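Taken from TrEMBL as is:
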- B:1-33: region 'Disordered' (REGION)
- B:139-161: transmembrane segment (TRANSMEM)
- B:167-192: transmembrane segment (TRANSMEM)
- B:204-224: transmembrane segment (TRANSMEM)
- B:230-249: transmembrane segment (TRANSMEM)
- B:270-288: transmembrane segment (TRANSMEM)
Amino acid sequence: MAFTLYSLLQAALLCVNAIAVLHEERFLKNIGWGTDQGIGGFGEEPGIKSQLMNLIRSVRTVMRVPLIIVNSVTIVLLLLFG
Amino acid sequence: MAYHSGYGAHGSKHRTRAAPDSPPLFDDTSGGYSSHPGGYPAPGADVAFSVNHLLGDPVANMAMAYGSSIASQGKDIVHKELHRFVSVNKLKYFFAVDTAYVAKKLGLLVFPYTHQNWKMQYSHDVPLPPRKDLNAPDLYIPTMAFITYVLLAGTALGIQKRFSPEVLGLCASTALVWVFMEVLALLLGLYLATVRSELSTFHLLAYSGYKYVGMILSVITGLLFGSDGYYVALAWTSSALMYFIVRSLRTAALGPDSMGGPAPGQRLQLYLTLGAAAFQPLIIYWLTFHLVR
């Protein structure tokens with residue numbers, strides 16, 4: 001497996017796209033990973049599941065706009081340069 | 001005789017021809033600047049004057065002054081952006097090493113079994129730099145080891161007559177990408193396990209970069225002693241590195257006040273450390289076996 005930095009960027013872009021595509025209402029709530037089902041109060045340490053849900057929610061919120069830009073740029077570049 | 005006269009005639013012809021246009025063996029920069037337009041400006045205070053005199057063109061002078069101001073502005077911008085992303089002071093901490101530290105640390109990486117005290121020392125809650133504390137991680141060894149690994153990979157491929165410059169770049173970027181992925185996985189694991197430690201990204205980068213030393217030793221032994229030597233060195237450096245990582249991460253992740261945290265966090269942290277340690281021999285094997293075939 002020979003990696004170039006470009007393949008790392010491509011893999012990262014695809015992973016972030018995959019996280020961004022998870023729909024809040026149709027999918028995450030049905031498997032119990034919705035963001036309003038996770039916050040367990042301020043007392044104890046949050047478990048792995050709530051940490052993961054927080055991570056997914058924050059990635060989706062933060063990366064929504066940059067993903068649009070980066071995806072468009074990637075599509076144009078791939079169309080032009082193959 | 002004829003020969004001599006011919007030579008003489010040639011000589012006179014050569015002499016008469018030589019005077020106007022014999023090419024000088026070196027540029028005469030003693031006096032006139034205008035003789036060689038691109039040439040050496042005089043040192044000292046004559047530089048500006050000579051530049052004016054050289055170009056003799058006010059527009060070109062302005063262009064040069066503009067260009068140099070643009071360059072300095074660009075340098076400032078680069079510095080500012082770099083300071084925004086990478087805290088240079090924190091980075092400098094990792095490179096504050098000296099020769100004795102490097103030698104002892106390399107010995108520790110190869111034979112960590114007799115080292116007693118793995119705790120990092122602090123002075124007023126600030127970790128001591130690597131110069132004063134053997135247990136502190138540094139980035140100098142991983143950087144140098146990475147460069148050495150890339151050069152060694154080129155040498156090994158050259159010995160097997162499989163070398164080409166693209167392969168060298170590919171090797172370097174592959175190794176770098178694996179280290180980045182390992183650091184990202186460790187960061188993700190630490191975030192999920194809510195371990196409150198002072199392990200910053202650079203600490204993890206340092207601990208992940210120590211495997212390059214094991215890779216270099218395995219490749220060198222493989223080149224010198226063949227395939228068997230490679231496997232022996234691989235086993236030895238893997239076990240030493242695993243022991244080193246487990247001991248270092250357990251004491252480092254606990255932090256200066258060694259709180260420990262609740263039980264599931266502790267267990268997750270242990271699994272994380274063991275997973276990181278178990279990953280090392282795999283990656284060392286993966287990145288080096290194609291060099292010692």
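Backbone N, Cα and C define each Cβ position, glycine as well.
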Please check if the transmembrane segment (B:270-288) comes into contact with the transmembrane segment (B:139-161), where contact means 3 or more CB pairs closer than 8 Å and the residues in each pair are separated by 6 or more positions.
-> no
When you scan the chain for residues with a C-beta under 8 Å from the transmembrane segment (B:167-192), skipping those not six or more beyond its ends, what do you find?
-> 146, 149-150, 153-154, 157, 199, 201, 204-205, 208-209, 212, 253, 268, 272, 275-276, 279, 283, 286-287
Long-range Cβ neighbours of the transmembrane segment (B:139-161) (under 8 Å; 6 or more residues past either end) | 91, 94-95, 97, 102, 105-106, 109, 130, 167-168, 171-172, 175-176, 202, 205-206, 208-210, 212-213, 215-216, 219-220, 222-223, 291-293
